[in-house]
Amino acid sequence: MSESSLRVVWVYPDLLSTYGDQGNALVTARRAEQRGLKVTRTDVRSDQRIPTSGDIYLIGGGEDRPQRLAAERLQRDGGLQRAVDNGAIVFAVCAGYQIIGHEFINDLGERQPGLGLLDVVTVRGEGSRCVGDVLADIDERLGLPQLTGFENHQGVTRLGPGVRPFARVRIGRGNGTGDGTEGAWRDTVIGTYMHGPVLARNPQVADLLIKLALDVNALPPVDDRWYEALRAERIAAARQPA
Ligand code: GLN
């Protein structure tokens, strides 16, 4: 990227955009603009090529059939894999998270290959669907406040040695493996089960993506009062007994 501009790519809004995940693109762009960056946001529909020159790629959640189609098309396209090879940042939610792993079970009950950007494998959970508000502690290496989000998935995601858990759940199920892990990350690629939109609930995670893109350790502070009010409300909701 050039010194003062940032290209945010919102991947397949026509297939992967549940629970307001598009808000992740809005929040990322807004917070970058507040730091004086010029932001180009590109929404790439599933019948278009994935540009390889983006800085931050955001992928949302989706239902099982759109998830299968999105994985097939991303696989065929190859652009996202090339962008990551060039150092791009990827932040993927739920179905998006499953797609960037090695494989998942699709709506036809088949094992479907993902993009292999994260060393994770998703199977279909035998138990009840994971649904509800989540509160989790983000990997301390990332130095971020507690993660708040909303989950709704049947998939159970197992992590391989090539990734670290993004967070550890205090409330909720996360990866659904029963070991308390939530999401996965390595280098510039992060996957999470958190909807919300998660970057509106956790603006410091949006800032992390921007910092990775700019290769800086800190950003000028911005007014976070609105976000803090939203966080307080959602954290209280997560703590309320079901
Ligand atoms: N279809 C996937 C699952 O149920 C992802 C759902 C989602 O993105 N919310 O596991």
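Even glycines carry a Cβ here, placed using N, Cα and C.
The annotation domain 'CobB/CobQ-like glutamine amidotransferase' is assigned in TrEMBL to 7-202. What TrEMBL records for Cys94 is active site, nucleophile. What TrEMBL lists as substrate binding site is Arg129. Taken from TrEMBL, the feature active site applies to His195.
Considering other CB atoms within 10 Å as the measure, the emptiest surroundings among the recorded positions Arg129, His195 are those of Arg129.
Neighbour list (Cys94 (active site, nucleophile), Cβ cut-off 8 Å, at least 6 residues apart, same chain): Thr18, Gly60, Gly61, Gly62, Glu151, Asn152, His153, Thr192, Tyr193, Met194, His195. Per-residue confidence over the domain 'CobB/CobQ-like glutamine amidotransferase' (7-202) averages out at a pLDDT of 97.
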